[in-house]
Every structure is written in structure tokens, then in C-alpha cells.
Amino acid sequence: EYDETGERGNWTNKAEFLLSMIGYAVGLGNVWRFPYLAFENGGGAFLIPYLTMLVLAGLPIFFLEVSLGQFCSQGPLGAFNGVPLVKGLGAAMVVVSVYVGIYYNVVISYTLYFLFSSFTSELPWARCNNQWNTQACVHSSSIYNRTYNLTGNLPTNISQRFNANLSTIFPSKRVSPSEEYWNFKVLEKTNNIENLGKIRWELALILLLAWIIIYGCLIKGIKSSGKAVYFTATFPYVVLTILLARAFTLEGAMDGVFYFFNPKWDKLLTAKVWKDAATQIFYSLSASWGGLITLSSYNKFNNNCYRDSIIVVITNSFTSIFAGVTIFAVIGFMAHVLKTDIASVAADGPGLAFVVYPEALTQMPVSPLWSVLFFLMLFTLGLDTMFATLETIVTSLTDAFPRQLRHQKCIFTLAVCVFLLLIGLPLVTQGGFYYLHLLDSYVASYSLIVCAIVEMLSISYIYGLNRFCDDIKMMTGRRPNVYWRVTWSLVSPAVLTFILVYSIANYKPLKLDDYSFPVWANVLGWFTVASSVLCIPVGAALEVGRNSGSFLQRIKAASKPRRKWGPYLKEDR
């Protein structure tokens, strides 16, 4: 089997690339973030800003990164040799991928924990009579919305960990068995970020297993991960379809779907809705993480990356809406069972996947079967994202040091996996979820938007828009039309700048449910943002310092492509 780029390697076929890209772009956020955002921001009306932002920001940055990676056949560290002044941008992307690699696999471990716990005749979070339950726990068949006596005896393992007043932790409202299972059995969560507690060995072993699975799938780089995605990228669609078919047979399901699509037009007049739509598009397409550049760098030079970008972006948005219908059908059923309104059942983030949905599963006949399917789906959704994240780190460094690392790629990949496993161990302590929430809230936010803005402006104004369009024509045979040129140089950077300014202006210190993070924890969060963003000015300073002449001459030299810049193979140059 002939590899165009020799020792670096190529995708075996087109399907492997497309499935890897879809698997990378379609992640846990499509299932647990999009449905909630739509519900919170005007239901069906949210689709208008969502699809508008897809056209104005999502598609342009996606196509830009895919074209860039394919043109130079390099990971993020080498992809900006065309504009050496912003070479630090590649390093910033790799730093973000390292942070994401640390905590994302812990989330995958949670899905495995629930998956293993589902192989039973009755789901362990179905009732309130377990050793981890408190007296605040009320099963959904009990009367909803009554107050509960919280003065009784708590299991000692829980009471010892909580120094706070219990009434602040368990307000006088119903606490579901699934919520207590999540907090007290899976996480054994302490009451604050300062109290790390001990390592949860069950979670630590599952985290080890998750890393073994990922290493097994990446042992030969894209040659092995490309085979794995045939299952991991298609299986979620099978499960979503089965769950949707099942949900439509449940009472109250159509109420949930109607609620999801019911347009609240007045919401479109608020800036927050447009900001949320743009943010969701941007994150769900995994732009600026370096993964899109990495995966497309293994394409053949003349691959039609334009068509690929359209296919992946449309599939990603379709998946979000499809998942939203499925999730809200079940939430509608849940509200019916609990005799409450849909708004009080809906949840965002891990709360949806590990509290609301598990409880809904207990209400279905043969609930363990549905639970196994649901958590297997979450596991495969997470795996694809981890494949690309890890491949970004490994590819970037092997491209930067080909002589030392490329022939040892198997061992180097193993070393990266072991390193990320060890760094991730604090996240599986009893207080680890606070740190996971901290990383997720800060790392995958401001720095990605800064990277994207710098990337588009540097390609448009330093590298040159016409030169970039010529590069794409060299690969695909057609020059990008005016839509791409206007969005790259003007519209997309403007939209992302609006998001960035709006987000910073409305910044609030981090909270998790009713717990407010201390000042030092928020400072730590900003430090993680700075550690990636600062790569850009540091890289620029180093590049300017390498050149000779006056300051202006140095900047001019740093703005010109390196001598080696261009297609990887001589015949393509």
C-alpha cells in the first residue's frame, strides 16, 4: 500500500478521514450541551442564530484549518511556517490539546463506570435504599416537591466528608437517587476544591483502562485509529436512532420535543443568544484545537478538502439537532413521570448525562439494556475526540523532531499516554471533579477564540489572502469564491471578537451547582488560559530575535514564509 508522503503516512482511504473528522467534531457536547442551549435560548428560534453562525464563523474556520493542514502536510507546530511570526500559535494549540487530553479522558472514565454498573438486573441508581443514600433521597415514584427531614442519620462515610451544614447541601427539595449515586458513589465528592480527599481507586483503574484502549487504537497512528473509527464514529447514530424510537413510545415524549422546537422569538433580540450560538458552533466543530490541522495533514495533496469540510460541518449540525430531539423526548417523559414542568428537569453538561438521563433510564422497561446502550454511545463519542486530541500532540512533536521521534512513534505515543494518565490522577480523587470543571470551563474557552482570531487574521493579512487562495487552487483545482475571502478576512474574526469581548465583559467567577470557587481557583483557571495564549507573543519574540537588522526588518523577515514552506512532496511544489 503506497503512502504518498512516505514515512509520514496517509489515510488508507477517504472514508477513514471523513469518519475521523466527523468523530472528532461530533463529541459529548452535541449530546449534553446543544440540547440545553437550544432549550435555554428560545427553543426552535435558537436554530436561526445557530445556523447563521454556522455560515458566518463555523464553516469558514473549519475549511481554513483543513486546507492549511492538507497543503503543508504538517501538524500545528509546522503548519504556521508560512507565517513564522505566529508560529507560537501551533504551540498554543498543542498546549490546549494537552489540557483537554488530561481531563477529557476522565469524563470518558465516568461513562465506563456507568457502563460497567449497568450490567445488572436493576440499575444501582434506581432506589434510595443504598449505603450511599441520604434521607434527602426521594425516588421518582414518591410524591414530588415535598420537604424532607434532613436531621436523620447520614451514612458515616458521607457525614465525615461534609463539614458544612447539611441543609446547604441538601435543600428541602427532592434529590433523586441518580444524583446521589453520581455525587456520593461515583465521585464520592467532597464539599470543596480545597478538600481533595483520597484517590477513587475504582475510577483510577477505569482511567487506566481508558488510556489502554486509546493507546491500542493509536498504536500505529492513523493506520490503526482509522480502522477504529468505522465503529466509534457510526455507533452513536445507531444508538441515538434506537433511543429516539423508544422515546417516542413513552408518555410525555412529544411534549418534550414540542418544547425543544417551540420558538420564543423575543430571545433573538438578546446578544447572549447570538453569543451562545456562535460559541456552540465554534466548540462543537473543534476549531483551533489543532486536531483539524492534524487529521487533514494526512490527506493526499489533491484531496477535495472543500467538499469534505461541507460534509463534516453539515453532519455535525444535523447530529446536534438529532441528539436534541432524542434527549428532549426523554426529558418530556421524565417531566410526565415526576408531574413537573420540563424546565425543571432539563440540565446542562455532565448533569444531563450522569444525573437526568440515568434517572430517566430507570423508568423504562428493561432499563439496564437502555443504560448499556446510552453509556456505550457516550463512550464512543468521547473516544473519537480523544483519538484526534492525542494524535495532535504526537504528530506535532514527531513533525518538529522527525529524526528523533518518527521511527519511535509507538514508544513516544505510549510515553504521552502515561504522562497524561499520571497528570490526570488528581482528577479522580474525591475532590477531583472540581478541578475537572475548572479545566473544562477555562481551557476550552477564551484561548481557543484568541487562537482562531489570530489564525484567520495572520493568514488573511500577513500570509496574504490571494496567496492562500492560490494554495487551495493548487490542491483542489478551484479558487475559493468571495464568500470564503470575506468571511476569513472580515466576518469570522469580527464574530469571534464579539464573542470574546462579550464573554470577558460578562465574566463571572466559577460556580458548580451552589458552590462558588475560591479566588485562587479562578486565578488558576486564568493561568491555564494564559499558559496557552502566551505561546503566541513568546513565539513571535523568538522569531523576531532570530533575524538580523533593524526591528522593522526583523518583523518583515519573520512575516515571510520559511524556505521549506509549501507542499511536503517535491512533485507538488
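Including glycine, each Cβ sits where the backbone N, Cα and C put it.
Record source TrEMBL places C137 in a disulfide bond whose other cysteine, from C72, C128, is C128. The separation of C128 (disulfide bond) from G23 (Na(+) binding site), Cα to Cα, is 37 Å.
Excluding G23, A25, V26, N30, S284, N316, L381, D384 themselves, the residues of that chain whose CB lies within 8 A of the CB mean position for the Na(+) site are, in sequence, I22, Y24, G27, G29, S286, T319, T385.
Between the C-alpha atoms of S284 (Na(+) binding site) and C137 (disulfide bond), the distance comes to 35 Å.
Between the transmembrane segment (203-222) and the transmembrane segment (524-544) there are fewer than 3 Cβ pairs closer than 8 Å, counting only residues 6 or more apart in sequence, so the two stretches are not in contact. Here the transmembrane segment (17-35) lies next to the transmembrane segment (281-298) in space: the count of CB pairs under 8 Å, restricted to residues six or more apart, reaches at least 3. Long-range contacts of the transmembrane segment (47-68) within its own chain (CB-CB distance under 8 A, at least 6 residues past either end) are made by residues 21, 38, 41, 79, 268, 273-274, 276-278, 280-282, 285, 287-288, 292-293, 296, 305-306, 308-310, 312-313, 317, 321, 452, 455-456, 459, 468, 471-472, 475, 480, 484, 487-488, 491-492, 495-496. Remark: the transmembrane segment (442-463) contacts the transmembrane segment (483-504), by the rule of 3 or more CB pairs under 8 A.
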